[in-house]
Amino acid sequence: MKKYLVAFVIALFPLASFASGGAGPKLDHMAVDLHNQASLQRGMQVFVNNCLGCHSAQYQRYQRAAEDLGMPINLVEENLLLGNQKVGQQMTNTMLKEDSASWFGTAPPDLTLESRLRGPDWLYTYLRSFYKDSSRPWGVNNVVFPDVGMPNVLEYLQGEQVNHCSAEEAQHHEAKIDPLTGKMMGGCMSISKKGQQTTEEFDKTVYDLVNFMAYIGEPSKLDSQRIGTKVLIFLFLFFFVAYALKKEYWKDVH
Ligand code: HEC
C-alpha cells in the first residue's frame, strides 16, 4: 500500500511544478460559459468590430457562429459582415500578411485557436493590461506581453491606463482590479483618462469577447455537450429496457 502511495505522490510532481507557473503576473481567472448565448453574441459583436480589421478567424464561418449562438442570419448579414462578405464565408479580412508585418513588425496572427494556445485567463488579462508607454511605436506596452506590437484597440472603451511601477514590478502582482480603488496589478496600474466604460463594464466586455474566442476555438464543444446529454438520457432509459429483457430471458431458467 505504502509503495502505491509513494508512486502516486511522485506521479503528481510534474503537475505541482506546472501549477506553480513560470514568471510573469498572476493571471485573472475567468470562467468560460459556452451556454451564455447573450454573452457570446455580445462577444462576437466586439470581436467583429474591433479585432477582425487586423486579425482573421479563418476557421470560423459567420453562418455557423450565427446558428450556434442563436442569432438570426439576416441580423448578422446586416450588422456584422465586413464589406461585401457573404454569411457562408469564413471570418477573414483583406489585409495582406506582408503589409501588416511591415506596419506592425509582426503580422497579427489568426485568432481562431488563440484561446486554446494561450488560455482564456491569459487573454482576459492581456486585453486589460495595456498601459501607456511613449517609448513604444503605438504608445502602449503590455504587462502580460512585454513590447507587444499591437495597439490598445479597446482604449476608447477602457480609457488610458498608466503603470506607476516599473514594468518588472507590475509583473509580480495579481492582475485583479481592486473594486475600491479601481487599480490593477497590486495598485501599479490606474486609469488616467476615462474611456466610454467604467472598469466594471470594461471587464464584462472583455469577458464576453474572450468567451466568444473560447467558443471559436472549440465550436463543436457545444455540440458534444448537447449530444452528450442526449446519450446519457438514452443510456438511462435503455437501462430499464435491458433490465426488463434480462428478467424476461432468465424467468424460465430459475
Ligand atoms: C491594428 C491592428 C490590430 C487590431 C485591430 C487588433 N490586433 Fe491583436 N495583434 C496585432 C498585432 C500586430 C499583433 C502581434 C503582436 C506581436 O507579436 O508583437 C497582435 C497580437 C494579438 C494577440 C497575441 C497573439 C499571440 O499569441 O502572440 C492577441 C491575443 C490579440 N492580438 C488579440 C486581439 C483582439 C482580441 C483584438 C480585438 C479586440 C485585436 N487583437 C485587435 C494587431 C491588432
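Residue 1 is the first one shown; counting continues down the chain.
Glycine residues also receive a Cβ, built from the backbone N, Cα and C atoms like all the rest.
A TrEMBL annotation is a machine prediction, not a hand-curated record.
If you look up TrEMBL, you'll see 1-19 marked as signal peptide.
What TrEMBL records for 38-220 is domain 'Cytochrome c'. Averaged over the domain 'Cytochrome c' (38-220), the predicted model has a pLDDT of 93.
The heme c binding site annotation in TrEMBL covers Cys51, Cys54, His55. Within 10 Å of the C-beta atom of Cys51 (heme c binding site) sit 22 other C-beta atoms, taking all shown protein chains into account.
What TrEMBL lists as transmembrane segment is 227-245.
Residues within less than 8 Å, Cβ to Cβ, of His55 (heme c binding site) and separated from it by at least 6 positions along the same chain comprise Asn93, Pro108, Pro109, Asp110, Leu111. The residues near the heme c site, meaning same-chain residues not in Cys51, Cys54, His55 whose C-beta sits within 8 angstroms of the mean position of the site's C-beta atoms, are Asn50, Leu52, Gly53, Ser56, Asn93, Pro108, Leu111, Val153, in sequence order.
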